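Reading through the structure tokens given below for one structure.
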Amino acid sequence: MNQDEQKRAAAHAAIQHIPAGCIVGVGTGSTANYFIDALAGIRSRIDGAVASSEATARRLSAHGIEVMDLNNVDELPLYVDGADEITPHLHMIKGGGGALTREKIVAAVAKKFICIADQSKLVDVLGKFPLPVEVIPMARGHVAREIVRLGGQPMLRQGFTTDNGNVILDVHALQILNPIELETELNQITGIVTNGLFARRPADLLLLGDEGGIRTIAI
């Protein structure tokens with residue numbers, strides 16, 4: 001299978017994990033889009049979905065899936081999303097699509113987080129993919145200086161504004177040996193909304209598409 005076929009296979013595999021009558025949290029990005037397309041086939045079996053971005057909400061609605069406000073949802077059994085990088089410990093870098101803050105909120109609420117990905121996303125050490133950091137616009141310079149102090153090379157994502165009205169700094173040159181520690185340290189910098197490390201709340205299950213089919217990794 002090529003990369004797109006692996007993404008599609010992982011997305012379809014996640015459908016088997018959705019309980020009937022539940023509300024599903026849905027991520028953002030190319031792999032999540034395959035999941036949304038697959039979810040449309042069982043929309044009569046679910047009560048609705050919580051979207052992690054405006055783009056995801058539009059795609060869900062286009063498929064006739066009810067999009068629900070997270071504030072009106074008492075329980076979220078499942079969240080399904082992709083990753084830009086993921087380790088065997090199921091720590092991730094996410095946010096390549098710029099939806100990291102809402103993704104992190106939905107993941108925090110969900111009882112179970114299933115990551116769907118193609119085999120290229122599985123890495124031993126996080127950091128080859130630039131780490132997205134969502135920043136309040138007026139704090140951009142301050143945050144960039146603090147990130148340099150930590151050894152990173154921040155670059156403003158040009159022409160991009162998040163759904164929350166903020167900017168993204170993509171941080172290069174980080175070899176993230178302790179993702180939990182770095183996630184915590186970055187979030188203590190004033191002006192950072194959140195960063196794209198999902199280590200304090202990792203995935204519970206990885207459905208990984210590769211040439212041979214689907215590999216399942218759990219913690």
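Glycine is treated like the rest: Cβ placed from N, Cα and C.
The feature active site, proton acceptor is assigned by Swiss-Prot to Glu103, with sequence analysis given as support. Within the same chain, the residues at least 6 positions away from Glu103 (active site, proton acceptor) whose Cβ sits under 8 Å from its Cβ are Gly27, Thr28, Ser52, Ser53, Asp81, Lys94, Gly95, Phe198, listed in sequence order.
Taken from Swiss-Prot, the feature substrate binding site applies to Thr28, Gly29, Ser30, Thr31, Asp81, Gly82, Ala83, Asp84, Lys94, Gly95, Gly96, Gly97, Lys121. Lys94 (substrate binding site) falls within neither a helix nor a strand when secondary structure is assigned with DSSP, and so counts as coil. All protein chains included, Lys94 (substrate binding site) registers 29 other Cβ atoms within 10 Å of its own Cβ.
Taking Cβ-Cβ distances under 8 Å and a sequence separation of 6 or more, the neighbours of Ala83 (substrate binding site) in its chain are Met92, Ile93, Lys94, Cys115, Ala117, Lys121, Phe198, Ala203.
For the recorded substrate site, residues Thr28, Gly29, Ser30, Thr31, Asp81, Gly82, Ala83, Asp84, Lys94, Gly95, Gly96, Gly97, Lys121 set the reference point as the centre of their Cβ atoms, and the other residues of that chain within 8 Å of it by Cβ are Gly27, Ala32. Taking the Cβ of Asp81 (substrate binding site) as centre and 10 Å as the limit, one finds 29 other Cβ atoms among all the protein chains shown.
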